[in-house]
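Asks: Below are the features listed in TrEMBL for this protein:
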| type | residues | note |
| --- | --- | --- |
| TRANSMEM | A:12-34 | transmembrane segment |
| DOMAIN | A:13-205 | domain 'ABC transmembrane type-1' |
| TRANSMEM | A:55-76 | transmembrane segment |
| TRANSMEM | A:82-101 | transmembrane segment |
| TRANSMEM | A:180-204 | transmembrane segment |
Amino acid sequence: MSSGLMSYVWEGLGNTLLLTVFGALLGLVFAFIAGLGRSSERTWVRGIAMVYTEIFRGFPSLVLLFALIFIVPTFGYQLNPLFAGILALALNIGAYAAEVVRGAVKAVPPGQIEAAIALNFTPWQRLRKVVLPQAVVAMIPPFTNNLIELLKATSLVSLVYISDLTFSAQLIRASTGETALVFFGLLVGYGVIALFFTAIMKLLERMAARSLGRTVPSGLFGRKEVAA
Amino acid sequence: MSEPYSSPSSDVMIQFDRVVKKFGDHVVLRELDFSVKPGEFVTLIGPSGSGKTTILRLLMTLETADDGTIQVGGEYLSHMERGGKLVPADERHLRNQRKRIGMVFQQFNLFPNMKVLQNVTEAPVRALGLSKAEAEQRARELLEMVGLSDKIDAHPMQLSGGQQQRVAIARALAMRPQVLLLDEVTSALDPELVAGVLAVLKEIARTTDITFLCVTHEMQFAQDVSDRVMMFDQGQVIEDAPPEQLFTQPAHERTRSFLHAVIDRAV
Ligand SMILES: Nc1ncnc2c1ncn2[C@@H]1O[C@H](COP(=O)(O)OP(=O)(O)OP(=O)(O)O)[C@@H](O)[C@H]1O
Ligand SMILES: [Mg+2]
C-alpha cells in the first residue's frame, strides 16, 4: 500500500479511537448522573433521569447524529462534526450504561448502608465511601459490553463524512478497487481494537476486585470471581 | 404530638415511651414502655419475629416509630422540640443523636472495600473529626483488645466470621458510643467461633461504662453478663427481672414455655 493510503488508515484509526475513548468518558458522566439520579430519594430527580434513559435508549445513534448535525444548526449553532459524533454516541451509550450504574448501586447489600448510618456517615460519605467503591466493581464487566457496543457504533459517523476507520476504508476501496480485501482488513481492524479495549477493561476488573480482597483468574476470558 | 410528654431525666439512658411500630397492618410494637439505666447490660429475649431487631433498629434510627417517643441520654432521638411541640427530627439532629449510639449486626456488615484497619478508622476520622494518626492509634488498641493485631492489613473477605465480628465490635467501639446495641451477634457464626466473640463482649461489658441492649439466644452468656433480662412478646415487655430470677423462676407462662423451647433446642 502506498504511504498516501497508509495515511488514510492512520487518520481513520486515530478518529475511531478518539470517538470511542471520548464517547466512553462522556457517556460515563451521563451514565453516573442518570444512574445515580434514578437511585435518588427525590421523585423529580428520578423522573428526569428516567426520561433521559428511556428516550435516549430508544433513539438510534445514527438518527441522533443526523439530528445533531442537521437540526442543531437551524437554532444558530454549528457543532464540530467530530464533537457531534462523540456527543451522539455518548448520549446513547450513557443511557444504556445508566441502567448498569443503577443496577450495581441497587445490588449493594442494605446492611452496608445501615452500617454506614450506624457509624454516622453523612449521606454523601455513604455514597462515596461505601456504596460506589463496591458498586463500581460490579459495573466493570457490563461496562465492557457497553464499550464494545460504542466502538461498533462509531462506524456510523462515516455517514456524515467524519474520517473514521470505516470512512478511510471506503476511500481506499474507491481508489484501489480491492473491495473484498479492504472490508476483510476492516473487520480484522475492529476486531483487534475490540480485543485491545477488552484487555484494558479486564485489567481494571482485576484491580477493582483486588480492592475488595478478591481475585479474578487471569486470562482474557476468565470471568468467574473466586475468594482469595 | 398533642399529648404532654415527660421531661427527660438523666438517670435513664434509654427510655421508650408508648412506642408504636407497624409494618402495614402488622403492629410489631404496641405502646412499648421500658427504660435502661446508664451502664446497665440489658438482654432482650423473645420469640422469632416478635420485634426485638425492630427495637434495636429504632434506637439506631434505621426505622422510625409510628407513635410514642424514644429518648437516649435524656434527649429525644427522632424528635426535636420546636415551639414547645415535638416534631420529627431532621438529618442534623439524627446525626447528633447517632454519635452516642453504636450497633453490631448479625451479619457483621464490614466494608469489603476497606482493609481491617480502615474499617475501624474511617468513621472516627469522618464523623468524629479525629486525625488519621489518632484514629489509627486507637484502632490498633481496639484491634489488639479483640485479638486481631495480626489482621490489620487483611481484607474482611479473608477473615473468618468470628474474626469479622470482632472487627465489627472494634469498629463500633472506635466511635466511643455511650450505648451499644447487639443484635444476635453470634447467630451467623460457626459454633466453635461463638465463645471468642462472647469473651470479647464480656470483657468490654466488665471494663467500660457503656450501656448495652443485647438480643441473643445465648442464654448462658445472657445470664453471666446481664443486669436485667426482658422477655418481649406480642409488642410488649411481659417480664423484666434479673437473670438469676428470670431464668430459674420465670413469673409468666409464656416466658417459661419460651425458655423451654430455647433450652430444648440447645441440647
Ligand atoms: N421492613 C419490614 N417490612 C415489613 N415487615 C417487617 C419489616 N421488618 C420487620 N418486619 C416484621 O416485623 C416483625 C418483627 O421483626 P423483627 O426482625 O424485629 O423480629 P425479631 O424479634 O428480631 O425476630 P428474630 O428473632 O427472628 O430475629 C416480623 O414479623 C417481621 O416480619
Ligand atoms: Mg432479629
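Positions of Cβ are set from backbone N, Cα and C atoms, glycine also.
I'd like these features described in context: how deep, what's nearby, how far apart.
Replies: Here the transmembrane segment (A:82-101) has long-range neighbours at 15, 18-19, 22-24, 26-36, 38, 49, 52-57, 59, 61, 64-65, 67-69, 72, 135, 139, 142-143, 146, 149-150, 153-154, 157, 160, 162, meaning same-chain residues at least 6 beyond its ends whose C-beta is under 8 angstroms from one of its own.
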Asks: In the same chain, which residue numbers or ranges, 6 or more beyond the ends of the transmembrane segment (A:55-76), come under 8 angstroms Cβ to Cβ?
Replies: 84-85, 87-89, 91-92, 94-96, 153, 156-157, 159-160
Asks: Six or more residues out from either end of the transmembrane segment (A:12-34), which same-chain residues have a Cβ under 8 Å from its Cβ atoms?
Replies: 49, 52-53, 82, 85-87, 89-98, 100-101, 146-147, 150-151, 154-155, 157, 162-169, 189, 193, 197
